[in-house]
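Going by Swiss-Prot, these are the annotated features:
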TOPO_DOM  1-19  topological domain 'Cytoplasmic'
TOPO_DOM  41-86  topological domain 'Periplasmic'
TOPO_DOM  108-117  topological domain 'Cytoplasmic'
TOPO_DOM  141-151  topological domain 'Periplasmic'
TOPO_DOM  173-186  topological domain 'Cytoplasmic'
TOPO_DOM  210-224  topological domain 'Periplasmic'
TRANSMEM  20-40  transmembrane segment
TRANSMEM  87-107  transmembrane segment
TRANSMEM  118-140  transmembrane segment
TRANSMEM  152-172  transmembrane segment
TRANSMEM  187-209  transmembrane segment
TRANSMEM  225-245  transmembrane segment
Amino acid sequence: MSITAQSVYRDTGNFFRNQFMTILLVSLLCAFITVVLGHVFSPSDAQLAQLNDGVPVSGSSGLFDLVQNMSPEQQQILLQASAASTFSGLIGNAILAGGVILIIQLVSAGQRVSALRAIGASAPILPKLFILIFLTTLLVQIGIMLVVVPGIIMAILLALAPVMLVQDKMGVFASMRSSMRLTWANMRLVAPAVLSWLLAKTLLLLFASSFAALTPEIGAVLANTLSNLISAILLIYLFRLYMLIRQ
C-alpha cells in the first residue's frame, strides 16, 4: 500500500481534533509537573542572584569563558540550575510521550480514555521512556554542538523510537536501532514532520519571554503546555505512520 504524507497529516488532524481536550489536559499536567519539579530542584533566588556577582559578562568571549570566570560556588549553582531544568524537562517529556501514545492505543481499542487514565496506564513504561528520551536528547545535543546538522539528523532517525518502545514493547536500544533503520527507509515521510516540529519549537522558544508578562510560573506553564501540544501532534503523526508502515 502506498503511504502519502497528506493522508497521514489528515488522520493526525482528525485524531487531534477528536481528542483535543484529553490531549490538552495531558499537556497541561505534564507542563505543571515540569515547572513544579524545576522549581523544587532549582537553586533559590538568592543563590541565582550570586551568578551575576563579579562575573565580567561583557568581557567573556563565550559560554566556556564565562563559566571559567565564575567561582567554584557559582559553577556549582549553575550546574544545579542546569541539572534541575534538564531533569524536570525529561520527566515531563517522558510522561507526555507515554500519556499520548496510551491515549492513541486506548482510543484505537475502542475504550473510553481520560488524561489521568492515560498517564496512569503509561506508568510501567515511564522508566524506559525516560532513559530513551535522555539518550536521544544527549545524542541530538552533541550533534547540534558539533555542526548542527548531525543533531537534526539524529532527531529524525530516532523519532520513531518512543512509538516502537511502547507499541512493540521493545527495549531502549532495540527501539533506537529499529527506529534508525525504519526511518532511513521512510525518510521522505518522517523528515518533514520532525523538521516542522523543530521549527515550531524554535519559534515558540523565541516568543517564550512574552509569556512571562503574566507571572514567571504561569508563563512557564503556558509555554510548556504549547510545547507539549506541538510534541503531541508529532507523536500522533509518528504513531499513525508507524502503524501504516507495519501493514
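Including glycine, each Cβ sits where the backbone N, Cα and C put it.
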Close approaches to the topological domain 'Cytoplasmic' (1-19) from elsewhere in its chain (Cβ under 8 angstroms; 6 or more beyond its ends):
103-104, 107, 113, 186, 188-189, 192-193, 232-233, 236-237, 240-241, 244-245, 247
Restricting to the topological domain 'Periplasmic' (210-224), report the mean pLDDT as a whole number.
83
Apart from its near flanks, which chain residues at least 6 from the ends of the topological domain 'Cytoplasmic' (173-186) lie with a Cβ under 8 angstroms of it?
3, 132, 135-136, 156-162, 164-165, 241-242, 245
For the topological domain 'Periplasmic' (210-224), find every same-chain residue at least 6 residues outside the stretch whose CB is under 8 Å from a CB in it, and list them.
28, 30-32, 34-35, 38-39, 92, 204
So how many of the residues in the topological domain 'Cytoplasmic' (173-186) end up helix, strand or coil by DSSP?
13 helix, 0 strand, 1 coil
